[in-house]
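Per TrEMBL, the features are:
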- His167: active site (ACT_SITE)
- Glu271: active site (ACT_SITE)
- Arg66, Gln84, Arg89: substrate binding site (BINDING)
Amino acid sequence: MSSERVLVELSKGVNGLDKIILRETRGSSAEVYLYGGHVTSWKNDHGEELLFVSSKALFKPPKAIRGGIPICFPQFSNHGPLEQHGFARNRFWSIDTDPPAFPTNSSGKAHINLILRPSEEDMKIWPHSYEFRLRVALGPGGDLMLTSRIRNTNTDGKPFTFTFAYHTYFSVSDISEVRVEGLETLDYLDNLQNKERFTEQGDAITFETELDKIYLSTPTKIAILDHEKKRTFVIRKDGLPDAVVWNPWDKKAKAMADFGDDEYKHMLCVEAAAIEKPITLKPGEEWRGRQELSAVPSSYCSGQLDPQKVLLGS
Ligand code: BG6
């Protein structure tokens, strides 16, 4: 069998960390590190990288990898007592060889199932037993699908509550030429203004300074239009009502040791999330949150994401 036909390959990544390479027969691919359950690469069938990973990313525990798709669990950002963005992004996940059946059929697609369970140390900082199953799958057209299933396995009868985000770093040609559609007129919490609540104007979101907002009750479809690349990313999400939009801009970029001074120009985070209304699970209950990413040529024109059309699921 030629190597192109191997759909799932276990390999070594930066600093000898284990990674899984997914390949789709038409040429698209993705890479997932067991460290963080972290997707670090998603390429289209021309071999073009669609995710941003900083040239200064450390790939060294306990620092989370800067870029790709960190998983924020059980806490988004500093919205709680735990470390920033929780601990799932800097734990070692395992390959889940025998996951319970998934509602969405991924058979035939290149996919990998990972699992995270708490260690004794983790139980000291977040005293709950859980199983976090993550499936990363590459669709035939190169779409990247992430499905998270989190189950409360507490035996003490206690529920637990968490917030969550897929902290996706998209690669863009020039942040000044990018706009985000689908979040117009929505309420948001501004992380740069003490999480105060505001309402977005009617226009698509563009970027000319630092931005760090949590959009609330967002549609299931959001688009990032990159004019220079003539590419549009479409994010479809399920179980994740909120969407964080973040670009650190120049000052914060300089302050981050694992991020290049000018790299803010070439990335944008749009994060499918559940933050405003934290998820509570009783023992035995399971939550599911899914995001599907596609990259399409920009003939996909503006206006397609007007709220009415989105609500109707077009
Ligand atoms: C975003 C937050 O999701 O992540 C920002 O909204 C934060 O406030 C950013 O700065 C990066 O966080 P970290 O912990 O990866 O540096």
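From the backbone N, Cα and C atoms, a Cβ is placed for every residue, glycine too.
Positions of the features from TrEMBL, shown on the structure.
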residue : record                 : Cβ neighbours (10 Å)
Arg66   : substrate binding site : 22
Gln84   : substrate binding site : 14
Arg89   : substrate binding site : 22
His167  : active site            : 23
Glu271  : active site            : 27
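The recorded positions shown are Arg66, Gln84, Arg89, Glu271; of these, the one with its CA atom nearest the CA of His167 (active site) is Glu271. In this structure the C-alpha atoms belonging to Glu271 (active site) and Gln84 (substrate binding site) are separated by 15 Å. Same-chain neighbours of the substrate site beyond Arg66, Gln84, Arg89, judged by a C-beta within 8 angstroms of the site's C-beta center, are, in sequence order, Lys63, Ala64, Ile65, Pro70, Cys72, His85, Asn90, His167.
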